[in-house]
């Protein structure tokens, strides 16, 4: 079966390239130093995404060789309802990896990084990767053709998918494991639906994630960095569109959202939380799922495995939904939604992060919220202390401000 060889090629290439990217990261200064928001206690190289990208490239070469030499099915031929230019689609992947790698080394501003993501999504859309139509909820069996509006909708979708993995990348092995589970689930959907190109990309992404986990699972010796998290998010978004854009069926539209339910929930809760705290959406905090699990008393390994289990539950539910009747689909979806809502409520995901502040007047610790001036004062003091500490340890080096450790 050719998919086994594609996965093996991605796995082996990624596994062999990680040590090379470690050395490259040290040479370029792409190092994650410990800070208040990061879990790591020692400097760890970033740029692991370059190894995964190399794995995907090798998998692509194996696919092409298999088609030309071994007579494999033409998995790089799009569905008749689509017109995709794979070279242009490949260019979009290259742009997203370059954007992430430059950020790993030089710490791009949020605006510059967003522009890189938008450019990648625009290239993919220009290459034919589009949400061309959606199901008409008022007339079952009919569809609404999106026309030119398909382009901005596709770009927004891809950028959003790219960022959900970037935001949840906060513990050793977390983003790689979640992406591996999601890509394997999407692989099963693609195979069952006969979407060979989506299946090939899914299984290659799974192989790359699995190999990277050898180095990235706790205790990690390398982080994927933005080069990795942006690649994985963009890759999963692309796979979902390769499936969705061929059919406007409601199930096909919902399944990718269920599979990526955990990072989507984490992102939505972060937006709501920061809005409630009256701070910028781009302002980092310690209210993500992994932060709250750590505060609940779980160690890194336990927190990651618990999130894996949550992702696996949603993915298995999505697989079942794809195979049962409409009534069962609704029932299973509601059960998954209720379980996720219960978990989110238990962790207070939508609540602003609270702080304990020592009040010299009462000589007691008091809980403060982001609305309290004491919170802002503590943030400024903590930032100044971090800068002073890093300047002392690494002259001329300022800490990278990201939403999580990479």
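A Cβ is built for glycine as well, from the same backbone N, Cα and C atoms used for every other residue.
Here is what TrEMBL records for this protein:
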{"type": "TRANSMEM", "residues": "6-25", "note": "transmembrane segment"}
{"type": "TRANSMEM", "residues": "46-72", "note": "transmembrane segment"}
{"type": "TRANSMEM", "residues": "84-102", "note": "transmembrane segment"}
{"type": "TRANSMEM", "residues": "114-135", "note": "transmembrane segment"}
{"type": "TRANSMEM", "residues": "141-161", "note": "transmembrane segment"}
{"type": "BINDING", "residues": "166, 226", "note": "Mg(2+) binding site"}
{"type": "TRANSMEM", "residues": "173-192", "note": "transmembrane segment"}
{"type": "TRANSMEM", "residues": "198-215", "note": "transmembrane segment"}
{"type": "TRANSMEM", "residues": "222-242", "note": "transmembrane segment"}
{"type": "TRANSMEM", "residues": "248-268", "note": "transmembrane segment"}
{"type": "TRANSMEM", "residues": "303-321", "note": "transmembrane segment"}
{"type": "TRANSMEM", "residues": "327-349", "note": "transmembrane segment"}
The one of 166, 226 whose CB sees the fewest other CB atoms within 10 Å, among these binding-site residues: 166
For the transmembrane segment (84-102), distant same-chain residues with Cβ under 8 A (at least six beyond the ends): 47, 49-50, 53, 56, 60, 76, 78, 108, 113, 116-117, 119-121, 123-124, 126-129, 162, 197, 225-231, 234-235, 238
The transmembrane segment (303-321) touching the transmembrane segment (141-161) per 3+ Cβ pairs under 8 Å rule: no
Considering the transmembrane segment (303-321), which listed stretch of 6-25, 46-72, 114-135, 173-192, 198-215 counts the most C-beta pairs under 8 Å: 173-192
Folded-back contacts onto the transmembrane segment (222-242), same chain, C-beta under 8 angstroms, at least six residues removed: 18, 21-22, 25, 30, 32, 40, 44-50, 52-53, 56, 89, 92-93, 96-97, 99-101, 103-104, 113, 117, 120-121, 124, 129-131, 154, 157-158, 160-166, 169, 175-176, 179, 182-183, 186, 190, 195, 197-198, 201-202, 205, 209, 212, 215-216, 256, 259-260, 402, 405-406
Leading stretch by Cβ pairs under 8 Å, where the reference is the transmembrane segment (198-215) and the options are 6-25, 46-72, 173-192: 6-25
